[in-house]
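Annotated features, as they stand in TrEMBL:
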type     : residues : note
REGION   : 1-45     : region 'Disordered'
COMPBIAS : 19-40    : compositional bias 'Low complexity'
REGION   : 161-243  : region 'Disordered'
COMPBIAS : 175-193  : compositional bias 'Basic and acidic residues'
COMPBIAS : 212-243  : compositional bias 'Basic and acidic residues'
REPEAT   : 290-332  : repeat 'WD'
REPEAT   : 334-375  : repeat 'WD'
REPEAT   : 420-452  : repeat 'WD'
Amino acid sequence: MDLLQSYKDDTYDSSPSQSNVDDSPRSSPNSSPLRISLPSKSSAPKVDETMLSLNLVDTGRPLPKPIDPVQHVVAFNPTYDQLWAPIYGPAHPFTKDGLAQGMRNHKLGFVENAAIEPFLFDDQYNTFHKYGYAADPSGYSGSNYVGDIEALQQNDGASVYNIPQHEQKKRKLEKKALQKEEEPENEERKPEMENPASQEWLLKNRKSPWSGKKEGIQSELTEEQKKYAEEHANKKGEKEKGEKVEFIDKTTFHGKEERDYQGRSWIAPPKDAKATNDHCYIPKKHYHTWSGHTKGVSAIRFFPKDGHLLLSASMDTKIKIWDVFNSRKCMRTYMGHSKAVRDITFSNDGSKFLSTGYDKKIKYWDTETGSVISTFSTGKIAYVIKLNPDEDKQNILLAGMSDKKIVQWDMRSGEITQEYDQHLGAVNTITFVDNNRRFVTSSDDKSLRVWEFGIPVVIKYISEPHMHSMPSISLHPNSNWLAAQSLDNQILIYSTRERFQLNKKKRFAGHIVAGYACQVNFSPDGRFVMSGDGEGRCWFWDWKSCKVFRTLKCHEGVCIGCEWHPLEQSKVATCGWDGMIKYCGSTDINQ
């Protein structure tokens with residue numbers, strides 16, 4: 001009790017309450033025990049800052065204030081020393097090894113990047129595993145080594161890949177000794193090697209299946225071999241003959257007679273075929289289907305001026321012409337291409353037409369008789385063909401080729417008179433403008449180029465970052481505008497005047513043509529724009545307001561082409577990859 005009392009007197013100050021407690025008898029068993037409050041102590045380990053301070057004093061820099069790793073926001077720009085200052089206090093509670101997240105770039109801590117060539121690493125790695133020594137990676141200068149120093153001295157510091165000369169000589173001698181030991185065994189096995197029935201002979205004389213053939217005099221063929229060679233030659237000859245017969249130009253007339261009782265040809269237009277008025281109407285429904293092609297139809301063209309016949313080119317290598325006014329039957333089939341037909345075009349009077357196919361040939365046909373007048377080819381595929389629209393230049397042919405050129409032929413002589421070579425991709429369209437003195441071409445290089453006819457120099461080059469490839473271009477009836485089908489699902493309008501500017505106010509969209517060369521066209525009066533799309537629909541837009549006027553579901557697959565009848569203002573023909581040609585109108589079939 002005396003010790004407690006002395007401890008109390010030394011530690012605590014006297015107070016009235018304490019004096020009352022002290023006056024009470026402490027030896028009473030009923031009295032409450034004396035409560036002693038000890039000073040608080042921290043369990044955190046003490047950090048020795050002496051060495052850190054001395055190091056910083058030596059460098060002459062102030063002691064950096066560390067950043068709390070728990071702190072999420074730093075209100076100032078810390079220095080490098082503050083970011084990498086040691087952490088004071090206990091270990092980090094949220095890490096296994098007590099290292100803060102900022103002090104690690106690996107799950108085990110901080111790893112310093114080092115660069116070493118793979119060959120050097122393999123050299124030292126294999127040397128250490130074989131000889132027990134290697135170059136010191138901490139400061140490799142060629143003289144510092146770690147590992148077995150005695151082995152290092154014995155081998156003069158040689159590595160696995162640096163064999164000394166005496167070692168090389170030793171290996172050569174060992175190899176020669178092994179060869180001498182094997183020679184007696186080979187002499188004993190010589191009789192077995194000469195015996196074809198033994199395994200040794202087979203091992204010695206076997207050859208790889210890829211070894212060269214033996215050169216020797218060819219012996220005469222046996223009767224069976226001669227018979228087989230004759231049969232093979234006959235089959236090959238029959239096959240070649242069949243291919244030649246298949247590619248011969250021929251035609252078939254399907255009508256009743258090629259001339260009527262008055263001696264007029266079957267391609268002569270009817271005399272009563274005249275336009276009732278100049279106002280066009282949007283078709284409402286389709287009321288006739290031509291289905292003679294076995295594959296997709298790639299292009300259709302109405303007979304010029306009258307439209308009483310419809311020419312169609314198909315991927316089944318055939319070209320057909322159909323009656324539009326009377327029987328609506330196929331009148332003639334033209335067969336001359338060996339592959340799919342790409343494009344067709346009529347001459348101004350319709351008596352002749354041109355066709356191009358993927359067999360790299362351009363054929364000039366007589367519409368009435370079906371005979372081929374001439375054939376042109378450069379060895380490349382012609383994607384588009386065009387005749388000069390002038391009456392005195394109907395013998396001039398322009399073809400946009402797959403080798404980035406526009407080739408000009410004189411069909412009378414059959415010679416190439418000009419080449420327009422400026423595009424960077426296959427040429428897709430050729431459109432004559434400015435009273436046929438110039439023409440505009442589009443290509444897979446996503447550009448438009450304007451040429452002076454007969455001069456192979458570009459007078460206008462149009463290429464913008466937003467432009468896409470334009471596989472189809474059509475001229476407005478007033479010849480002042482060009483409608484270009486762009487592969488970003490819109491139709492762009494360009495002026496045909498001197499500057500050939502884009503009309504930003506006119507843009508026709510809503511259809512889906514990305515990936516398809518759907519053709520765009522105008523109504524004869526220029527009031528409507530129409531185009532097919534990839535979903536088999538035919539779209540009609542109003543030219544002034546650019547709004548969608550109507551859509552017609554015409555085909556099951558892609559609606560690739562559309563043509564407005566030149567005389568009947570409400571009739572439209574469409575073709576698609578389903579092999580069908582649809583004829584649509586706003587009147588009934590009986591009218």
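Note that Cβ sites are derived from N, Cα and C of the backbone, with glycine treated the same way.
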Integer average pLDDT (0 to 100) for the repeat 'WD' (334-375): 93
Structural state census, the repeat 'WD' (290-332) (DSSP three-state): 0 helix, 22 strand, 21 coil
Counts by DSSP class (helix H/G/I, strand E/B, coil) across the repeat 'WD' (334-375): 0 helix, 23 strand, 19 coil
Residue counts (helix, strand, coil, in that order) that DSSP gives for the repeat 'WD' (420-452): 0 helix, 19 strand, 14 coil
